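What TrEMBL records for T97, G120, A121, E122, K123, W124, I140, L149 is S-adenosyl-L-methionine binding site. Marked as domain 'tRNA/rRNA methyltransferase SpoU type' by TrEMBL: 20-159. According to TrEMBL, the feature domain 'RNA methyltransferase SpoU/TrmH type C-terminal' maps to 164-215.
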Amino acid sequence: MTPERYEKIRRVLSRRQPTLTVLMDEVNKPHNFSAILRTCDAVGVLTAHAVPPKSGALPTFDATSGSAHKWVGVVKHPDALGAVRQLQAQDVQVLATHLSQRSLDYREPDYTRPTCVLLGAEKWGVSDEAAEAADANIVIPMFGMVQSLNVSVAAATILFEAQRQRLAAGMYATPQLAPAELERLAFEWAYPDLAPGYRERGEPYPALDEAGQLRR
Ligand SMILES: C[S@@+](CC[C@H](N)C(=O)[O-])C[C@H]1O[C@@H](n2cnc3c(N)ncnc32)[C@H](O)[C@@H]1O
């Protein structure tokens, strides 16, 4: 661990947005899944949510992710409706990307609030029941011959609007993670091979000095 690498880890963690996330509902193509996680990393999403496709497993990561899958956690859910309700119970507004009578332009919602963007499967989109349960439905206006965007493009468009609003609100200027959580993640990111051992033994992580070296 070089001091420069540790400094980068702390800088990235100090900009993570634990109150911004996505829920991928049966996004089944590895290049889409990977591209969405890469955008999540870029805008500071700490943890993404996903309902695996009917085949059972989450898509594997491919080169499209860069190394984003190492820096963005993925929580699995058995179904989208249950996941929507769980997030709402934690006071997260769920914005379903879905064309309906009540759809808003994607730039209208307040993304400085705890927010989850619900993204649909490539073939079927977001289910009607999950869209109805969501707090709002949002769309990216389209004026072409084709009816929809690629899901990873839609995710990037919306997440960068969230980033724009959060930058304007100063949410990248001060850490959004609690100090203890930031320290915990800094150790896990700096020492991914050591961290599991400490967890298995139920021991607290050791303190690191300012350069990210283990204190003796
Ligand atoms: C290829 S589209 C799904 C098309 C599907 N046939 C349908 O009717 O919804 C895959 C996903 O990309 C996102 N998406 C695509 N175009 C969008 C748009 N214009 N506005 C918002 N989200 C969009 C949504 O999450 C959508 O579920």
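Cβ atoms here come from the backbone N, Cα and C positions, even for glycine.
These numbers come from a predicted model, not from an experiment.
Recorded features from TrEMBL, shown on the structure.
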| residue | record | DSSP class |
| --- | --- | --- |
| T97 | S-adenosyl-L-methionine binding site | strand |
| G120 | S-adenosyl-L-methionine binding site | coil |
| I140 | S-adenosyl-L-methionine binding site | coil |
| L149 | S-adenosyl-L-methionine binding site | coil |
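Broken down with DSSP, the domain 'RNA methyltransferase SpoU/TrmH type C-terminal' (164-215) shows 24 helix, 2 strand, 26 coil. Helix, strand and coil counts from DSSP across the domain 'tRNA/rRNA methyltransferase SpoU type' (20-159) read 45 helix, 35 strand, 60 coil. Within 10 Å of the C-beta of K123 (S-adenosyl-L-methionine binding site) we count 7 further C-beta atoms, all protein chains included.
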